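Here is the structure we will look at, set down as structure tokens.
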Amino acid sequence: MERTHHKQEINITETLMNRINELISYYPEDKRKSALLPVLHEVQDAHENWLSIELMDKVAEIIQIKPIEVYEVVSFYTMYNQRPIGKYMFEFCQTSPCCLNGVEDLMDYTCEKLGVKVGEPTVDGLFEVRGVECLGACGYAPIMQLGDFYKEHLTKEKVDQLIEDCKNDIIILHDK
Amino acid sequence: MSQKILLDKINIPGIKTYDVYRANGGYASVEKALKTLTPDEVVEEVKTSGLRGRGGAGFPAGMKWSFIDKKSGKPRHLVCNADESEPGTFKDRYLMEFIPHLLIEGMITSSYALGANLSYIYIRGEYMWIYKILEKAINEAKAAGFLGKNILGSGYDLDLYVHCGAGAYICGEETALIESLEGKRGNPRIKPPFPAISGLWSNPTVVNNVETIAAVPWIVNNSGADYAKIGIGRSTGTKLISASGHIKNPGVYEIEMGLSVYEFMNSDEYLGGMSSDRPLKAFVPGGSSVPVLPAHLIFKTANGEDRLMTYESLSDGGFATGSMLGSGGFIVYNDTACIVRNTWNFSRFYHHESCGQCSPCREGTGWMEKVLNRIENGYGREEDIDLLLSIQSKIEGNTICPLGDAAAWPVAAAIRHFRDEFEYHIRFPEKIKNRDHFVAEPFEKVKHLVAKELV
Amino acid sequence: MKVTIDGQSIEVEPGTTILQAARMIGGEVVPPAMCYYSKLKGSGGKCRCCLVEVAKGSEADPRPMPKLMASCVTGCMDGMEVNSKSSPRVQEARKSVTEFLLINHPLDCPVCDQAGECDLQNLSFEHGKSQSRFVEEKRTFEPENIGENIQLHMNRCILCYRCVMVADQLTDDRVHGVMDRGDHSNISTCISKAIDNEFSGNMIDVCPVGALTDKTFRFKSRVWFNKPYNAHRDCDKCCGKTTVWMFGDEIQRVTGRKDEYHEVDEFICNTCRFDKKEVTDWIIEGPRVFEKDSVINQNNYTRKLEKVEIATEEKILLGREQDRKKISMAEFPLTEEDIINQKSLSNNG
């Protein structure tokens, strides 16, 4: 429901376009639409982790489908963001096994430390905390996802360290 | 030590790479199958093995393979379901992260059996780093001649790709997965037709779980009969169990089917008992969708037999006193865990993950979550317990896909076995508001407050 | 192939669904359908209203099917035996689905243009309860403007997907679809784009509820005050065969011709639907007759009305009297004197 209109600079670089074409080539020629999900991931990663209407329209054009088909898909899957999000998105798993290991307190702690509520980026746009459903790492709880990676066996100290590392720009979000 | 067939090589340094994997006997099943067996013979071996789908439903894999439509002449596909997202389950991730070539090998051998020339691994979007690991492994296998045209000179061609999802539990349902693979919303399809007749792009398709496919190389290298010797009865072979919760050693374990739940829980080889001196209260044996069991039904069945880690034993007694092996997501709770909160948590999960296509699930999951949320927060009404039972019974069996059942069962089971805890929440809201009620005051001590006569 | 529904047998062609067979038999065995639409490919299976019990799978495999089946997407088999209205399980399931469809529905029939020809209203009448067990706040959506012809009321939508299929199958550029997921799924263009296509108006006709209504008819009249007539005109875009809904000499609304299952015989174009509201635009053929109990049937108000006895009437009046005392609500604007009296009353009370 977050369709407020934010501006986004669209930049489909040659490298990105090559990767998109590679992904499209994984499917039969008349099934380009199948590449939609992987392509959206790549495009989102290259655009500060969110997809504006204009960017989705661009993807529709590349895949050769109707814009509405892209909107429908983007709004269905939770990993696509339809508004600008904090650069470092702390996505805490809040399903049962993580709760048994104290993730709720950890989320409260993180929010307090960053001075935000869940789902609101910090004023500088650097951080955001979000609760997500089971990430499939229950044995290593509590955990969070940061970019493409999981941070497991979290403690308050580890969260502190992560926040520091993010501020010092030494966290890798996407493995290219 | 029990026999390991999936994780036996997982600790070999460098097993992630093609060279080490190959040097340790990897891809032998591809060579054996392509050079010495017909596709039908591979299917027969898998049938003989008794291997059952490891994703949760437990449907015999060989039989599923034999349903694939070979008469229509349409291209066929094998799709590996790596959309692991059942709460409590993280076994596929372990396999794919640490021994990716086992899955690739399984995919090649299985695709050959099915006559598929274009196959996919559908992995959940959150496992992005594993997506990259698998892509790398595929490229290595391709460079070594195990993928592409005319594999090992056999004339058999196979292209294999990884496809990533983007955050939707429902895509673990095989037809929703296919929709998602076609670049659409993950809405499960109406069945029939089943994927074996009309699946990916309307072509005959088999969808199998990662663990199922990873077991195929061993079966082909040895024999179906050898596999069937492991385990008990119709629960053959080994099973990966993901263990989490209040236990000493959480993690992924490969067990031989038929191990007793008691030994699995308490031996040092496996879970090593509880994580603290707090006693065992409940457990969920097969991921969040299967019924929760109270302490007295965990190690023994209702008629006093040892509860074993098999499909049959875990479901012994039906839903009244049993549960299900499901996907092997083993979640253990000690007495500090609140069953009401946990049930609400699961309900929130299913509410969040419902695709919204059919009315009972779309409306019912949200309703259950709201009622449970009220009870958990001290705003429950006496009639809410029966209301929950009624809602769940109206969802169960009336939906397009099994997500409806998966949302309904945990609620029914929690009320069935822990009704007094729900009543306690409703009648003494002030006692539960700090979420520490059972730590401050063991439930056994306050149980008399909710004796049935009060109703 | 022979199939038996609620004890009535019929011969059908292979490929016929149970629902289609039931419609061939007609009458009470026909399951309700909120999402299935025979003229839209791929529709059905979603609302779960039409669930039936298959007591015998077929002559070859007589085992019963364990779960209730959606009759609109389940094919008939030779020798199949189906229980529809006669099965308590089926009745229970229909009640359940009705309840689910209503918990978040605004129940704003008094201000809804669909009232009187609404499938959800009919379903509730047949299978609904007068009381709700849902005490939570209802789900609501932000209003969205989808153009000058069609009004979207998302809060009333039951997500049958029919309008999406109309856009897919009748128009060449679908601009609306289903957004989000779960109980937040909604019909939207995502960007408040006008749905502008010569056949888009058919979305209104296929909508089983008041989620998509005709803006040119909005709040003009209750449907039962209109007289429906079959009419036609020479149209170069569609068949030109419609039903015009008249109030006196005025054409207030134009729709497709709907059959007893509320499906249009043929889809019509937007010009016929929205732009041709003059009597001179049409050749009027004669009254359109609907099923006998429908409030929109022309003869509905000409039939002799029988006196309705309400046994609880006295009790209702008694209750009202008590309410009045409790609330002390004055019937007219209060005078100074009244206010003083009331204040002293409440102070004493």
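In case you wondered, yes, glycine gets a Cβ from its N, Cα and C as well.
Sequence annotations record features per position, and here TrEMBL assigns [2Fe-2S] cluster binding site to A:CYS93, A:CYS98, A:CYS134, A:CYS138.
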Note = Same chain, |i - j| six or more, Cβ under 8 Å of A:CYS93 ([2Fe-2S] cluster binding site); the result in sequence order is A:VAL103, A:VAL132, A:GLU133, A:CYS134, A:LEU135, A:ALA137, A:ALA141, A:PRO142, A:ILE143, A:MET144, A:GLN145
Task = Determine the Cβ neighbour count for A:CYS98 ([2Fe-2S] cluster binding site): the number of other Cβ atoms within 10 Å of its Cβ.
result = 30
Task = Select one residue from A:CYS134, A:CYS138: among these binding-site residues, choose the one with the most other Cβ atoms within 10 Å of its Cβ.
result = A:CYS138
Binding-site residues, contacting chain B; criterion Cβ under 8 Å; candidates A:CYS93, A:CYS98, A:CYS134, A:CYS138 = A:CYS134, A:CYS138
Key: For A:CYS93 ([2Fe-2S] cluster binding site): DSSP state (helix, strand, coil)   = strand
